[in-house]
Structure formats: C-alpha cells, structure tokens
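Below is one structure, written out as structure tokens; the observations come after it.
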Amino acid sequence: MQQEIYQEEKRCMERLKNANTVSLTGCAGVWDNITCWHSAEIGETVTVPCPKIFSNFFSKQGNISKNCTNKGWSEMFPHFFVACGLKDIEDNPVFYVWLKAIYTLGHSVSLIALIAGSIILCVFRKLHCTRNYIHLNLFLSFILKAVSVFVKDGILFYDTSTDKCSDHASWVGCKASLVFFQYCVMANFYWLLVEGLYLHILLMIMFSSNRHFTAYLLTGWGIPTIFIIIWIITRVYLENSGCWDTNEHSAPWWIIRVPILISILVNFIIFISIIRILLQKLRSPDVGGNEQSQYKRLAKSTLLLIPLFGVHYVVFALFGVSEYYQMIFELCLGSFQGLVVAILYCFLNSEVRGELKRKWRSWCLNERMSRDYKVHRSSVFPNDSESGPQLHRNSATQFSSQTETSVI
C-alpha cells in the first residue's frame, strides 16, 4: 500500500508540473496524502472521485470536493469516510490482521503436513505408482502455493520507508513475487483438475492403470506456464506500474481468471460425472461385493473432495454470495486445503498406513533384538574382549537375517 501511495504521489506531482496553470491569486495544485488536486481559481470547487488506491476498503464509489478560497484550500467535503463508504474503517484493520493470522496458520500447518506426506510417498518404493506420482505433484503445488503466499506477504506487507519503495530493485523483487504467486495458484488449480481427470478415467476404464503421466505433467505445470507468460507480456505493455497487484486494465485480470475459471468449471462437470458413474455402479446388479466396496470407498472419498473440485466456487456464483464471505472462505478455509489433501491422500490411505506399520514393526523388532543381544553378551562374556566382537558380528548377521525373514 505504501508503494502504491508513493507512486500515485509521483504521478500527481508530474501532472501538476506539466499543467503550468497555477494562478497567482488562486490555489496551487497539491497532493494531500489521499488524492491529487489540480490548481483552481478563488471560488472554484474541485471535485474528484474516491482514490483507486483505497478501492479495496470502499463500499461505494463516491466523489470528494474542495473549495478554493482566498485563504487557500478548504477542508474536504463530504467527509472521506462518508463519500467513499468507509463505514467500519476502525474495525477493518483488526479484521484483516486476524484474517492474515488465520490463513498464515493454515498455510503453515498445511506446509508441514504436505512435506511429511511427500517424504512418505517418496521413501517407500511400494507406494511408487502413477496415482501417487500425481498426488506428489499435487502436494508440490500446494507447497509452492504456501511458500508463494509467505514470500508475497513478506514483500508486500514489509514496513519499508518511502525511499526504499522507490528503489527499482525492490519493484523487481515485488513483481517477481507476484509472478511466482500467480503461477503457483494457477498450477494448484490445474493439479486439482488432473486429480479429477485421473479419478474419472479410473472409473471409466474399470480401475485400470493409466500410464499417460507426461500428459498430466503438461496439464498441471505446462498450461499455467503459458498463461503466466502471456500475463507478464500483457502487464509489461498495458499496466507496468507498481507491484502488478492492481488491475486498472481488465485484460491482465482476465488472462489470470479465465484459465482458473475454466479449470473450476471442468472440475465441477467431472465431479457431477463421477457422482453419476458411482451411483450407476453401486445400483448395478452385476457388480460384485469386493468391487462394490471399492466403489463405496471412492464415493466417500469423492464427497470429501468436494471442496477440492471447486464446487464451492460454483455455489458462490449461483447463489450470489457476497465477496466479503467468499474472501473469508477462500483465505481461511482455503489455507487449510493442503492439510485436508495430505490427510486424505496420504495419512488415511490404507497402503500408506500399512507401509508405516510394517516399518514400525521392523524397527521395534530390531531394537528389541539389539537390546536382548547386549544383555546376553554382558552376561556370557563379562571380561572377554576378543571373542565378544566376533560373536557380535556373527549374532548381528543372524539377527539381521531373522529380521528380514520375519518382515517378509
């Protein structure tokens, strides 16, 4: 915000300098830390719209005015809060501080869970398959999204001086953080789309394995790359101002929003199709007991994955939920989305739990056998320093062989 105010002040001073319409008997043009007022003659009233840099806090679009008197500029009228609709301005800072704290907590918890889940899926070889490779990329997209939020907040909300705001290097870093953030958000939506596509394909081809992993990679990472490059080019030529966090022109905004909206719409259609297929499979008399239990598990998972398929965005659009509540839902609940994904796709997965239990039993067995060996050695060879190591090697080999046999 400080950077935007500083840039608006610079533009104001340039406009006033180029105007050259200052009258000796009138009021000189001035920047009053809120908006820009051009020069005027005595008795003239200057009216300007509410400043765009504070548009996020407006509840309506109004106008503010000042009179040029023989004593200079009058006070602003009507009051800035009244004209621009800032009814609850005193409560807004506290609200946004709490909002930021909640979504920071959500992204932090999600980040820890996603990293732990990624390590588990990578370490155990039995979990290496196309399905889990897709889960890993989805985890990575959520991890990058959380990191991009922290980087963006660290740059945009960093309390810098006016001089630092004007530094070109700081603008480059700020723009780079916004580019990284936009890419991570779009990639996250497209990996959610890939998850929906993969689940739909599995149902359509009777649980057969799909090996077109390259196509999934191109969809999840490639499509966002193309649109982000187009967005950068559009920003440079149409609206290369500030930190690229404002949208005076609609083109850059739509370049980011349209691909995301398309992915949400396609995911919603896939979700409806999955529900339809599951209902048909469950009602079919030809489906056996074992296969029916698989479909029931998929049905439960699908219902839990409703927020991941973007259905809530469609609900918001159909029922006209206000942007205020949409923002709360997206920032607060959306920040915990990565945690939900890690729990559903990793920690509650029967294969993952089976591998973890096997590893835990193996570790406990090794610890118990090592402890028993030390007790046995100390009782049989209390003073023998030469035969002890030899027995240790032989016994260790035997215990290791027994452990592997018991685990297998």
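Placement of Cβ uses the backbone N, Cα and C atoms for every residue, glycine included.
Model, not experiment: these values are computed from the prediction.
TrEMBL lists 11-88 with the feature domain 'G-protein coupled receptors family 2 profile 1'. Among the features that TrEMBL reports, domain 'G-protein coupled receptors family 2 profile 2' is placed at 99-349. The transmembrane segment annotation in TrEMBL covers 101-124, 136-158, 178-201, 213-234, 254-279, 300-321, 327-348. According to TrEMBL, the feature region 'Disordered' maps to 380-408.
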Recorded stretches the transmembrane segment (254-279) and the transmembrane segment (213-234) touching, at least 3 CB pairs under 8 Å: yes
For the transmembrane segment (213-234), distant same-chain residues with Cβ under 8 A (at least six beyond the ends): 130, 133-134, 137, 141, 179, 182-183, 186-187, 190-191, 193-194, 197-198, 251-252, 255-256, 259
Cβ-Cβ under 8 Å with the transmembrane segment (101-124): same-chain residues at least 6 beyond its ends: 132, 135-136, 139-140, 142-143, 145-147, 149-150, 153, 331-339, 341-343, 345-347, 352, 355-356, 359
